[in-house]
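> Got a structure for you, written out below as structure tokens; questions coming shortly.
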Amino acid sequence: MFGFPTATLLDCHGRYAQNVAFFNVMTEAHKYDPSEATGSSSWDFQSSFRREKLEQKSPESKALQEDSPGVRQKVYDCQECGKSFRQKGSLTLHERIHTGQKPFECTQCGKSFRAKGNLVTHQRIHTGEKPYQCKECGKSFSQRGSLAVHERLHTGQKPYECAICQRSFRNQSNLAVHRRVHSGEKPYRCDQCGKAFSQKGSLIVHIRVHTGLKPYACSHCRKSFHTRGNCLLHGKVHTGETPYLCGQCGKSFTQRGSLAVHQRSCSQRLTL
């Protein structure tokens, strides 16, 4: 009627009859009533039905089934920590964390990396290449991930939330640093005096107290500072900029801290 070859119809009918017969056997064996099936029980029975059908297939058919998408495939386990990977190459890369092996070396500075992709990204420091550009403001980046984080400045997206105080962050590393406020963890310790810090950047700035290094110089008077923030703050002395305004009396200040001190005394005067 539909124009299919007779042999095809017979073959299809034969397979259908076999499946119906097998389904009936399974129904009896597992005491399954399709009319009473709901949700997971129906799914579990169908899964069992497919599994037992698979066991009846030839080894060749089962091998093809196991290689098909959606079917559990071979996993590669790390002998050191037990972590599993779907690809052998991913396991090899992971194992270098345990062995410390870094076979990819930068020819310009000698720094080594576990993965070739990391070396390629690093080399952009030397070449100045920044292939990832923000469509919003035109700023360019050497890494795709850095661009993704930057774009959240424009969108306001902060997908990483602290489970303790619900404060949100643009990237995962900032969230990790923030969590140390709650845990009290300070993993970065000064070798000179033993003082510990929650952020690596804070340790770097602190070390300058011991070394005397002041890499940020004022363009007006050449006075130098340990941090860029202090240098920018000092620059307001020359420009006369006073961006911090008291909402009660209108007086303005160059530093936020100075405004805070003033507001305490200002509010006391107004209440008298």
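Cβ from N, Cα, C; glycine included.
These numbers come from a predicted model, not from an experiment.
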> Would you mind telling me which of 4-26, 188-210 Swiss-Prot tags as zinc finger?
188-210
> Please work out the mean pLDDT for the residues of the zinc finger (104-126).
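94, rounded to a whole number.
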> Measuring Cα to Cα, tell me the gap between L213 (Zn(2+) 4 binding site) and C78 (Zn(2+) 1 binding site) in whole angstrom.
45
> Using DSSP, how many residues of the zinc finger (244-266) fall into helix, strand and coil, respectively?
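Tallying H, G and I as helix, E and B as strand, the rest coil: 11 helix, 4 strand, 8 coil.
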> May I ask which residues of the same chain, at least 6 positions away in sequence, place their Cβ under 8 angstroms from the Cβ of F197 (Zn(2+) 4 binding site)?
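Correct list: K186, Y188, R189, C190, L203, H206.
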> In the same chain, outside C78, C81, H94, H98, whose C-beta lies within 8 angstroms of the Cβ mean position for the Zn(2+) 1 site?
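Other same-chain residues near the Zn(2+) 1 site: Q79, E80, G82, K83, L91, E95, I97.
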